[in-house]
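As recorded in Swiss-Prot:
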| type | residues | note |
| --- | --- | --- |
| REGION | 1-67 | region 'Domain I' |
| REGION | 68-146 | region 'Domain II' |
| REGION | 147-157 | region 'Flexible linker' |
| REGION | 157-208 | region 'Domain III' |
Amino acid sequence: MIGWLHGTIGDRWQEGNRCWLLLICGPVGYELQVSESLWRGTALESPTTVHTHLQQREDGQQLYGFETKADRNLFRLLISVNGVGPQVALGLISGLGAVSLLQAMAAEDVKVLCQAPGVGKRTAERLSLEWRSRLQERWQQQGGSTPLRLVEPVAESRELRATLEALGYGPEEVSAAVAQAGSQGLDPEQPMEEWLRHCLAWLSRQAG
């Protein structure tokens, strides 16, 4: 399994709404389909680190690339949902962004989810159900008993921790991210979305 790659951009192009990079790593060039946010932030011959997912297909293999570990793990969660393929998953991440997408799934905001190309009402409902189930499992593992309230202030950090751990981050990484956000003066009464945004940004910088 190829978890991440670091190299130089040898080529970059678009085919319709699909974004592609050719990443030169030593004597090997890897062709990746990438999220739009990653593609727009690259330039030819620039050094780039890409978090990757290798997909097995009937006609071969396909590498998908992402700017952050969180985006990559979110992509894996999305494609595990019935009816959501790689293109729909990329469209959700590129169109909404990780934080807004997580917020929409947690809040069961079907209208927002349906803004992404290829996502209808039934798919949006399945996405919300799958994410809530995954998040509830993490929440219960941490001793939570009350319903999750992702749109509420972060007076209790267990909900935030459950969200970050569901994206694949370990307990120590999560603790460091939450502590860092607090040390930067983020108000405990700020909505969950703001804390999540700060934590994901910090975790992304550490991975880079």
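A Cβ is built for glycine as well, from the same backbone N, Cα and C atoms used for every other residue.
Quick caveat, the model's predicted, so the values are computed rather than measured.
In terms of DSSP helix, strand and coil, the region 'Domain I' (1-67) has 5 helix, 45 strand, 17 coil. Per-class residue totals from DSSP over the region 'Domain II' (68-146), listed helix then strand then coil: 56 helix, 0 strand, 23 coil.
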